Amino acid sequence: MSGAESYRHITVLLNEAVDALAVREDGVYVDGTFGRGGHSRLILSRLGDAGRLIVFDKDPQAIAVAEELARSDKRVGVVHGGFASFQAALDGLGIGKVDGALFDLGISSPQIDDGSRGFSFRFDAPLDMRMDTTRGMSAAEWIAVASEQDLHEVIKNYGEERFSRQIARAIVAQRAESPIDTTRKLAQIVAQNVRTRERGQDPATRTFQAVRIFINRELEEVGAVLPQVMCRLKEGGRLAVIAFHSLEDRIVKQFVKKYSQHAPLPRWAAVREADLPELPLKIVGRALKPGEAEIAANPRARSAVLRVAERTAGPIPEQSQRKTSEWQ
């Protein structure tokens, strides 16, 4: 039995995230990160016969589960691909506006715990790290050709690793002797070049995170999908995003703030804030984190943050609509 099959996947902030969508029985909803379908199944339980749920995932294993669900529930539509193709995928399915969209960002427990996927330094496996194993460059292939500067920048920017330059230099030196094609080889190089260890954290944690984020274009896709969702939400529709680390949460937070709050007016301004045009989003509640009971049951939930925004009647700036074209 593989790690993906043996690990019991626990959906993070299950009720809180679906509650945030305020699901209507006849609504159209999107689960942008199907995983093993925890959020999707709860959404379906609240939809009536006329409702629809479109699910996205890159991972072929997740898509297999989603397609099995779709065979038994005609309300479900499945998209094998990243959520950055949000608008194009909806167009292909003949769907216009939607009532809500949910994104549970980052890597899933089945992906981490399946040693063969190459996401974790806990297993010695081929260094792959692709969420979609059917396309794109693997981590090993990229590490084999990336320049020392590119390695440094990825590890520094996506892993926030203080020793990124030393790690990059060591990778280049080692690959000149033999390929760095397994998780163990990469983890050993990192361990030899991280001078101080963070309490309770393996020295390879930040580097593995950085390479995974880069290989899967995780941050670019988050930045790309948010304006697309804003364009497709009906008035009153909800966007709910669960982030697990500061890089992706910062993107979500800044996006929602930009389109829900006017910049402060100077004291000498002749116009009042109340006279400014309505913005396209409004923040719903405060950022929500898992409670102690959920963290005790699922320690991986500890860093999760849920942010929710609602579409208003405010117009969407033209430049935001243009930004979505790259991913269509």
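Backbone N, Cα and C define each Cβ position, glycine as well.
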Check Swiss-Prot: it lists Gly37, Gly38, His39, Phe83, Asp104, Gln111 as binding S-adenosyl-L-methionine. Then name which of Asp26, Asp57, Asp124 it lists for that same site. Asp57
Run through the Cβ atoms and count how many others sit within 10 Å of the one on Asp104 (S-adenosyl-L-methionine binding site). 24
DSSP, reduced to three states, assigns Gln111 (S-adenosyl-L-methionine binding site) to helix
Widest Cα pair spacing in Å over the listed S-adenosyl-L-methionine contacts Gly37, Gly38, His39, Asp57, Phe83, Asp104, Gln111 is 18
